[in-house]
């Protein structure tokens with residue numbers, strides 16, 4: 001699996017993830033890019049789960065963003081509907097964490113589109129560790145969203161055997 005963490009704080013949203021890909025008990029790649037920008041750099045997305053499945057979902061999600069002119073929530077709901085009802089898509093095993101300047105969502109293969117509490121999203125095998133670390137930093141420091149994501153992922157990589165310390169981190173800043 002992996003760790004994907006998103007923090008929304010002070011007009012900034014950040015999604016970061018590690019780069020480890022495993023096959024059974026073996027690390028097969030250490031620098032997979034599990035976080036990407038989509039829709040002309042207006043949306044960021046990260047995935048946890050099967051790499052091939054996730055890349056398929058990234059492509060489908062970007063098509064939905066184009067179809068619905070970048071409306072994040074509508075695009076996520078339409079992707080979740082297709083994911084849940086299509087015979088082939090239903091077999092894809094991955095989770096997506098997506099965000100634009102205003103909204104953050106988790107999209108699952110069960111058709112769930114979840115808006116997270118506390119402006120935090122954490123998915124994957126190390127998600128709970130990263131979430132706990134991020135909450136502690138939000139409540140007890142004045143770090144930026146990007147600094148929190150970096151430090152929480154670093155902490156997680158020292159605990160979760162399916163998370164490494166090669167990170168991809170993307171951010172969006174809102175003027176509002």
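Count begins at 1; order follows the chain as displayed.
Including glycine, each Cβ sits where the backbone N, Cα and C put it.
Since this is a predicted model, take the numbers as computed values, not measurements.
Quick look at what Swiss-Prot lists:
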- 2: active site (ACT_SITE)
- 157, 160, 163: Na(+) binding site (BINDING)
Check: same-chain CB within 8 A of Na(+) site center, minus 157, 160, 163: 3, 18, 20, 125, 126, 129, 153, 156, 158, 159, 161, 162, 164, 165
Around the Cβ of residue 160 (Na(+) binding site), the count of other Cβ atoms that are within 10 Å: 22
CB within-chain contacts under 8 A for residue 157 (Na(+) binding site), separation at least 6: 3, 18, 126, 163, 164, 165
Separation of alpha carbons, residue 160 (Na(+) binding site) and residue 2 (active site) (Å): 9
Per DSSP, three-state class assigned to residue 2 (active site): coil
